[in-house]
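Novice: From TrEMBL, here are the annotated features:
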{"type": "BINDING", "residues": "His48, His99, Asp187, His191", "note": "Mn(2+) binding site"}
{"type": "DOMAIN", "residues": "28-106", "note": "domain 'Manganese/iron superoxide dismutase N-terminal'"}
{"type": "DOMAIN", "residues": "116-220", "note": "domain 'Manganese/iron superoxide dismutase C-terminal'"}
Amino acid sequence: MAGLAVSVGLDWKQQDGLPAPIGWVQQPLGYSYNALEPVIDAQTMEIHYTKHAAAYAKNLAEAVKEEGISTGISVESVLARISKYSAKMRNNAGGHYNHELFWKTLHKPAEGNLPGEKLAALIRRNFNSFEAFQKEFNTAAAARFGSGWAWLVRTPDSKLIITSTPNQDNPLMDIAEAKGFPAFGLDVWEHAYYLKYQNRRPDYIAAWWKLVNWDFIESRLA
């Protein structure tokens, strides 16, 4: 896997009070390809990580050089001004960020997988109940036409909302319909689930809840 990581010589630093930014290099997955079975099969994970996600990191490195991104700027800063950059930058900066975040929001399957009380209370304040939140998220993920992502987002006024984005866009982008800080996102591109679920995207979404790393997500919203 080390040969797939692409460094472009950029540095990034944690901002006070915010989670550490996503770096410019594809990071190790952090668990084995079969760690998420039976929800996500090992072959899907291997292809997703070593082919799709690795390609975004590689193409992002090229775009950074082509567009003369200055050393020290963060991926998040580029995404916040993505309208000023090329389609290549938009697609690959988004794809890289989205996947690097996605891997971190997953852990081995757990039945009855629910957030801790602190995050659960936050969800209830914004969606009335966890069940209502889950239903709204499922609907957003299933209804996203074609390829894209569903997101739980903290807006600038500190509300939690659910939204979806096309392709590799995300809520950090200045062109996003609903802007804010992504607590987590679900990849609903077919390459994320098709080998196991074929055209049954709702089945993939329903099973994915067993994988959600609520502790990590709570840390992003702390």
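From the backbone N, Cα and C atoms, a Cβ is placed for every residue, glycine too.
Source: prediction; values computed, not measured.
I would like each feature placed in context: is it buried or exposed, what are its neighbours, and how far apart are things?
Specialist: Within the same chain, residues at least 6 positions away in sequence whose Cβ sits under 8 Å from that of His48 (Mn(2+) binding site) are His99, His191, Ala192.
In the predicted structure, the domain 'Manganese/iron superoxide dismutase N-terminal' (28-106) carries a mean pLDDT of 96.
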Novice: If one looks at the chain holding Asp187 (Mn(2+) binding site), which residues at least 6 apart in sequence have a CB under 8 angstroms from its CB?
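Specialist: When sequence neighbours closer than 6 are ignored, Asp187 (Mn(2+) binding site) has Asn98, His99, Phe102, Trp149 within Cβ distance under 8 Å.
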Novice: Summarise the domain 'Manganese/iron superoxide dismutase N-terminal' (28-106) by DSSP state, stating how many residues are helix, strand and coil.
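Specialist: Its residues divide into 53 helix, 1 strand, 25 coil.
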Novice: Within 8 Å of the Cβ centroid of the Mn(2+) site residues His48, His99, Asp187, His191, which other residues of the same chain have their Cβ?
Specialist: Tyr49, His52, Ala53, Phe102, Trp189, Ala192
Novice: Any idea which of the binding-site residues His99, His191 has the thinnest Cβ neighbourhood at 10 Å?
Specialist: His191
